[in-house]
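From TrEMBL, here are the annotated features:
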TRANSMEM  20-44  transmembrane segment
DOMAIN    37-286  domain 'G-protein coupled receptors family 1 profile'
TRANSMEM  56-74  transmembrane segment
TRANSMEM  94-115  transmembrane segment
TRANSMEM  136-154  transmembrane segment
TRANSMEM  196-221  transmembrane segment
TRANSMEM  233-257  transmembrane segment
TRANSMEM  269-288  transmembrane segment
Amino acid sequence: NETKVMYFILLGFPTTGELQLLLFSALLLVYLLTVLENLLVILIIQKNQSLQKPMYLFLGNLSFLEIWYVSAIEPKMMMDVLSHDKRISFQGCMAQLHFFVTLVCTEYVLLAVMACDRFLAICKPLRYPLIMRHKLCAQLVAGCWLCGLTTSSIKLSFIGRLSFCDVDKINHYFCDISPLLNISCSDSSSAELVDFILALLVIMVPLCTVVASYICILVTVLKIPSSQGRQKAFSTCSSHLTVVVLFYSTTLFTYAHPKLMYTYPANKLVSVLYTVLVPLLNPLIYCLRNKEVRFAMRKTFICR
């Protein structure tokens, strides 16, 4: 009964004819806003000399990452809302999965690096300029991307070997690991074990790094005698902490479950949070909560 599958059918979200156009319009608006917001953040960082700091170098890379992140998922998602043909080729599914896993894993590590950057800036302010030089920042960013690419390549090398029965329906709106493991006809225990070990490393190690960094930051901030000094110190990392909480909480809810839990519709709704809403909110959080970015934005538009 095992054959070489040519394509999958993405079930997505069941909608009626009246809701299709409304959902498509909402997704298109969110996608365009997300891309424009992140492009604006990159532009502001490049045009303002005051933002040529490690923190904003990492932020620019995060915005660059999220443009590709949403572009790997949302265009196909919008097409499927209007179309009755929800097929995606096997090669297209693997390509989408490769981009998605690479970008998600890169973001996990990048957010951890940004937390370490804030730890050094607040807890080791005198040594910070000596440690966080431009060369080291570039190496850290390259390391984040290398980690994401390596993790994705290893996972896909195992998933690509699985057999699928004829034409399979994926109970999701994009190709993700757990839905593919659920529909495999062959023994997927090796792929599941590799996925679990890599997910543990890529999620838990950065998460522990973030938690440890912010515990040290909190201890240092509480030692500052003046309330104004404490507020100023914590304001430099409040936007990053908000982004971390949003991204980690939504993804952990999904990927901390066993693969059989992925069959529940609630997981698809949670997936919308970190694939659609979180990338939309991240630039707004950094622009609204960060005084330097707000000032640079006003300066850029006033000069123009």
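Even glycines carry a Cβ here, placed using N, Cα and C.
Whatever TrEMBL says is automated annotation, not expert-curated.
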For the transmembrane segment (269-288) against the transmembrane segment (94-115), do we get 3 or more Cβ-Cβ pairs below 8 Å once near-sequence pairs (under 6 apart) are dropped?
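No; fewer than 3 Cβ pairs under 8 Å.
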At a threshold of under 8 Å on Cβ distances, which of 20-44, 56-74, 94-115, 136-154, 233-257 pairs most often with the transmembrane segment (196-221)?
94-115
Go through 56-74, 136-154, 233-257 and flag the stretch with the largest number of C-beta pairs under 8 Å relative to the transmembrane segment (94-115).
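Per the Cβ under 8 Å count, 136-154.
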On the 0 to 100 scale, where does the mean pLDDT of the domain 'G-protein coupled receptors family 1 profile' (37-286) fall?
86
What residues in the same chain, six or more past the boundaries of the transmembrane segment (56-74), come closer than 8 Å to it by Cβ-Cβ distance?
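Contacts of the transmembrane segment (56-74) (Cβ under 8 Å, skipping residues fewer than 6 from its ends): 27, 30-31, 34-35, 38-39, 41-42, 45-46, 96, 99-100, 103-104, 106-107, 110-111, 113-114, 117, 134, 137, 140-141, 144, 173-174, 275-276, 279, 282-283, 286, 292-293.
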